[in-house]
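Features as listed in TrEMBL:
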type: DOMAIN; residues: A:231-316; note: domain 'tRNA intron endonuclease catalytic'
type: ACT_SITE; residues: A:Tyr261; note: active site
type: ACT_SITE; residues: A:His269; note: active site
type: ACT_SITE; residues: A:Lys308; note: active site
Amino acid sequence: MSKRASLGQVHKYSLPVHPIEVPNIVPHNPISWVQFLIAYWKGVTVVQTTTADFVNGQFLVSNDEDIKTLWKNGFFGKGIFSRSEATWYDRTQKRLGLGEFKNLTIEEITAIRRDERKKFKKERAKLEAKQAELKKAGIVDPFIEERLELKNLRDKDIDVKVERTIDFRDDDQQLLVDGKLQNLETLELFAAEAFFLKFALNAINIRHNDQPISTVELFNKLSSSKVDDLFIMNYVVYHHYRSLGWCVRSGIKFGTEYLLYKRGPPFHHAEHAVIILPNYKDEQQNEQVAKDFVWLSSISRVIGGVRKNLIIVFVDIPTQEEFDSCETLEEKFKLYKINELLYRRWVANKNRD
Amino acid sequence: MSIPLVDQVQQNLLFQQLWTQVTPIKLSNITILQGFPKEKLISDDETNLNKEFVLPIKLKDEITPNMLDQVFKELQGVKRLVLGIVNDDGTVVYYIVHDGVYKPKKN
């Protein structure tokens, strides 16, 4: 089985809620209709419930099975010692020379690539020094071959070493209990993620001081009762994109609120970066929070540099009275509207399409 | 179970970034961390593996030049600081702050 196909199998579902599976209907075959109806009536929506602890503003998942479930079903959460998927235990086992050889984690692949890049830079620096010397002496650069070699080094595919070097530091002693590696890594959910799993999917139990916490209690802890509360705005946007099937993850690395992935991080790079701004009914209020062009330009250039689209999401903010008059959270959230704007730098003499 | 800010950055340095001998230092107003990175922080550094200093902060914290200046003053002679910025999804991102002007590194 190819890697892609198996990834597709592992990440078959985009949320920890699995729909009923029904067979295809063949119009001229009544038996298939019956099969469809039976599957439909007997089918049960599967909700994969997990548990998180909410302490000091952090949502932490420590059960290994729960961590896997959240990652496999829609890429929720982030390993606290990993780039995204919680791979610290595997990486550390290998680094300390414990356990068996497994596939490389993304962090390891990146490390190899950076090593290669470093080698390239070193060679380039050597060559440049030679060139500078000759230039001083007034000789024309004779290093055509060297430059070619350098180019090859730059464009070379990365080698995956199967042999491992063990790197055991004094600091690692504390990780071992009876010679076995303790898993220090937990999965952390950001507030909108945790609240989505709870409020929208009811697929997570959240404990606060070892007691289960209800959706409304959680909402009150995460937000003020102000209509333009930051958590509410972020949540509304998160919910919007998750509902449309996007995989939404934190955008901190690029200075934005969110990144949108078509399916999830292992499949493609994120295509879109999202920043969130309020849009009040009162224009004076809008003027107060308006950002200047320098701010927008700097974000836009960073996002352009990593080849992503920049989406500015304006959240229409209802009035405080409208907000307060709603009884349920559903009603409150329904008051907010989403407006999207794709922002792109356009250079007149370059971008002709 | 929740981890205080300084510990969070310390653990991240030790076990994700693989720094060694990472220990807290108490300054008059804040606690920062010191330790040795796995590799040179800036490839153009002339000396090998220096002791580095990390200031743990939260993403929404505000830092002022005065605050950084205070840290540099107390550390006497230290030329750069690393900000360890903690996001609400457990990510720690690191940025280097130099005390004064610094020649940009070669890309």
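Just so it is clear, glycine is given a Cβ too, placed from its N, Cα and C backbone atoms.
Annotations in TrEMBL come from automatic prediction, not curation.
Of all the active-site residues listed (A:His269, A:Lys308), A:His269 has the fewest other CB atoms within 10 A of its CB.
Summed and averaged per residue, pLDDT over the domain 'tRNA intron endonuclease catalytic' (A:231-316) gives 94. Non-local neighbourhood of A:Tyr261 (active site): A:Phe75, A:Trp246, A:Cys247, A:Val248, A:Arg249, A:Phe267, A:His268, A:His269, A:Ala270, A:Glu271, each in the same chain, at least six residues away, with C-beta under 8 Å from its C-beta. Residues in the domain 'tRNA intron endonuclease catalytic' (A:231-316) partition by DSSP class (helix H, G, I; strand E, B; coil) as 36 helix, 24 strand, 26 coil.
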